[in-house]
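Participant: In case it's useful when we look at the structure, here is the feature table from Swiss-Prot:
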| type | residues | note |
| --- | --- | --- |
| BINDING | H79, H238, D242 | Zn(2+) binding site |
| ACT_SITE | H265 | active site, proton donor |
Amino acid sequence: MIKQRTLKRIVQATGVGLHTGKKVTLTLRPAPANTGVIYRRTDLNPPVDFPADAKSVRDTMLCTCLVNEHDVRISTVEHLNAALAGLGIDNIIVEVDAPEIPIMDGSAAPFVYLLLDAGINELNCAKKFVRIKETVRVEDGDKWAEFKPYNGFSLDFTIDFNHPAIDASTQRYTLNFSADAFMRQISRARTFGFMRDIEYLQSRGLCLGGSFDCAIVVDDYRVLNEDGLRFEDEFVRHKMLDAIGDLFMCGHNIIGAFTAYKSGHALNNKLLQAVLAKQEAWEYVTFEDDAKLPMAFRAPSMVLA
C-alpha cells in the first residue's frame with residue numbers, strides 16, 4: 001500500500017518576511033493521518049488555522065495568500081507548498097509567528113532541506129491522489145492552462161516575457177515529475193522581480209523584505225544579482241515551481257499532464273478549481289499494490305531513509 005506521509009520530528013527555522021522585512025520563526029510539525037496541510041498563525045490569539053484549500057487562495061502582486069471567512073490571511077505560502085508537493089507530504093502543521101511564511105532565498109530549496117532534516121514518516125493509512133479523467137482548460141486572454149489524463153505527473157510550461165535578460169534564456173521547460181527531479185531541477189529556482197517595482201513598493205512600505213538575497217532582480221536590461229542565475233532558464237523553472245505549489249493547494253498530489261502558457265498563480269488556481277468543480281473530470285485513487293503507482297510518485301530512497 002502507498003502510505004500517507006508526515007514528518008518524523010518537529011523542525012524550526014527563521015527567515016525574513018517578504019512584506020514586513022521582519023524576522024519570522026517557522027515551525028514544521030508532524031500531523032496524524034488525514035489531517036492534511038494546515039498553515040497556522042501563532043501571532044494571533046487564539047491561533048488561526050488555514051487548511052490548504054483551492055477556494056481559500058487569493059493571488060496578490062507579491063505572493064499567494066490563504067484567506068479565511070473572517071478575511072484573516074496568511075501570505076507567501078507558495079514556495080513551501082511546492083516543497084510539500086515535491087516530497088509528497090500529506091499531513092503537516094506549518095506554524096509561523098507572523099502574517100507570512102518567510103521568503104528564505106526566494107526558492108523552495110531551504111524548505112526541502114528543512115523537510116529532509118525533519119525526516120519523513122509513513123503513516124499506516126492509504127495516500128489519496130487526485131487522478132485527472134477528462135481534459136479541463138482555462139483561459140485568460142492569450143494565457144491558458146490545462147490538465148489532461150496521464151498516468152504520472154508531467155508539466156510543460158512556457159513563459160513569454162518581453163525582456164532582454166529573459167528573452168536570452170529558454171522560455172519553455174518540461175518536466176516528468178518525481179521527487180528527485182523536483183529537488184534537482186526545480187526546487188532551487190528563485191522568484192524574480194523588477195528593480196523598479198521593488199523600489200516603488202518599498203516607497204509605499206510594502207515588500208520590505210525584498211532584496212538580492214531572496215529574488216532574481218532585473219532592471220530593464222539585465223540581471224542585477226552579482227552571482228547571476230542558478231540555471232540558464234531559472235525564470236521559467238521558477239514559474240513551474242510556483243505551479244507545482246499552486247496545484248498542491250487541493251492537498252493531494254495530482255496524476256495528470258499539466259500544460260501552461262504564460263500562466264501564473266491566479267490562472268493555476270482557476271484551473272485547479274475548474275477541475276475540482278467538474279465531478280466527472282477527476283477521482284480520488286489509492287494504491288494497494290505498490291507496483292501500480294506511477295513512477296512519478298515512487299519515493300526516492302533518500303527521502304524515506
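Just so it is clear, glycine is given a Cβ too, placed from its N, Cα and C backbone atoms.
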Participant: List the other residues in this chain whose Cβ sits within 8 Å of the Cβ centroid of the Zn(2+) site residues H79, H238, D242, in sequence order.
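Facilitator: Near the Zn(2+) site, beyond H79, H238, D242, sit E78, A82, G106, S107, A108, A189, R190, T191, K239, M240, L241, G245.
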Participant: What residues, ordered by sequence, lie under 8 A Cβ-to-Cβ from H238 (Zn(2+) binding site) and sit at least six positions away in the same chain?
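Facilitator: Those within reach of H238 (Zn(2+) binding site), by Cβ under 8 Å and sequence separation of 6 or more, are S107, A189, R190, T191, F192, I216.
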Participant: Please work out the number of neighbouring Cβ atoms within 10 Å of the Cβ of the residue listed as 'active site, proton donor', leaving out its own Cβ.
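Facilitator: Around the residue listed as 'active site, proton donor', other Cβ atoms within 10 Å: 21.
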Participant: Would you identify which of the binding-site residues H79, D242 has the most other C-beta atoms lying within 10 angstroms of its C-beta?
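Facilitator: Going through H79, D242 one by one, the largest Cβ count within 10 Å is at H79.
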Participant: Can you grab the distance from D242 (Zn(2+) binding site) over to the residue listed as 'active site, proton donor'? Cα atoms, rounded to a whole Å.
Facilitator: 7
